[in-house]
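As annotated by Swiss-Prot, active site, proton donor/acceptor applies to 376, with the evidence given as sequence analysis. The annotation Zn(2+) binding site is assigned in Swiss-Prot to 204, 207, 302. Taken from Swiss-Prot, the feature domain 'Peptidase M14' applies to 142-418, supported by sequence analysis.
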């Protein structure tokens, strides 16, 4: 295994109508281009650095088309075969100079199929009509780069908000910043009642939707909205908006510079190989052990390729056999479902899956005294019922504004959670906790309950 580079524009551009490709830019990913015909191209995703297992994220630019030239692009080497492309509710994104914002490619121009010409692999093909020779960019989902985040954080810092503070938590292996954002209207107040909310995102570099949601969260928290002002008074927010800057910069899908899935390193992180995970884990445990602070919630933001909508994953702990504890775990999912049409209680789940061991949610759930969740949002689309009252469901593509709107809805749900915690809001749950458990977790919970009962009887 080794690093495979991205394609670059040739030194000499051929005659107009001969497309040329470029991915040697921040977060770019396209390892090879094979010209099948004058209008069709096979495109090969570059694998993650030092890890050939992951080939999902792509982000490239092409130019030199003739006016109204048609082209078909085939992504031929996806490592993840089962995605929402198979269900017809997924679309890559495109951006041109004429329209300087990302848009979804129309579904009628997208095909996902098994190809006998490619060893019976699943191929994603999409057609596009170029309006001019100017560059056009294509990506798996709406990009959010490390450089883009740094420019935005610099701008936020320049506003001189008294409640906003930016620190360098640690540097990555390639010496990029891992930023720690603190948002708190009363930063000097630690008198036994300080409630803490911890948020992280982008441990998987290809999951750009999580950054757009985090962008929406932070922009709402620093806004003049009355609800944002109240949130800043009742909570201290500690936010790490990008856990894997090296992977994001390199255009990886899952891994860090060294080929590690950082979301499997939380149990025993290395201070030199996984510096962001090492530093964040220490930060979380430090505040959780501080008697003057009360850690309430930790949420790690991700993106999902095999399900639509957004939803939460939670943990099943020993305390989950207590009705009061399980009831409180369900508050945030229900509050978010009330505020956001794209939130799915159907996909919300509390699990103990072995393959999730070592993740932030599972590891910190074992170490911390607070509620720990993963917030997942689809790369592509969400299903929702229309307002006609007929129960008709529609599928709507996610665009940047909708990801950011989810961030705002999440903040509002946190405020409602605070009110419920203080007895100012009543939450009625129609579904018991066990209905949010997969079959395997239900068996685990029953075993835990029996052990608790046996322990009580022996006393």
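Cβ from N, Cα, C; glycine included.
The most crowded of the recorded positions listed here (207, 376) is 207, judged by how many other CB atoms sit within 10 Å of its own CB. Shown in sequence order, 201, 202, 203, 205, 206, 210, 263, 301, 303 are the same-chain residues outside 204, 207, 302 whose Cβ sits within 8 Å of the Cβ centre of the Zn(2+) site. Each residue contributes its Cα atom, and for residue 302 (Zn(2+) binding site) and the residue listed as 'active site, proton donor/acceptor' these two points are 5 Å apart. Same-chain residues at least 6 positions away in sequence with a Cβ under 8 Å from that of residue 204 (Zn(2+) binding site) are, in sequence order, 210, 244, 247, 253, 254, 261, 262, 263, 302, 303. Averaged across the domain 'Peptidase M14' (142-418), the predicted model reaches a pLDDT of 94. The number of other Cβ atoms within 10 Å of the Cβ belonging to residue 302 (Zn(2+) binding site), over all protein chains shown, comes to 23.
Here the CA atom of residue 207 (Zn(2+) binding site) lies 10 Å from the CA atom of the residue listed as 'active site, proton donor/acceptor'.
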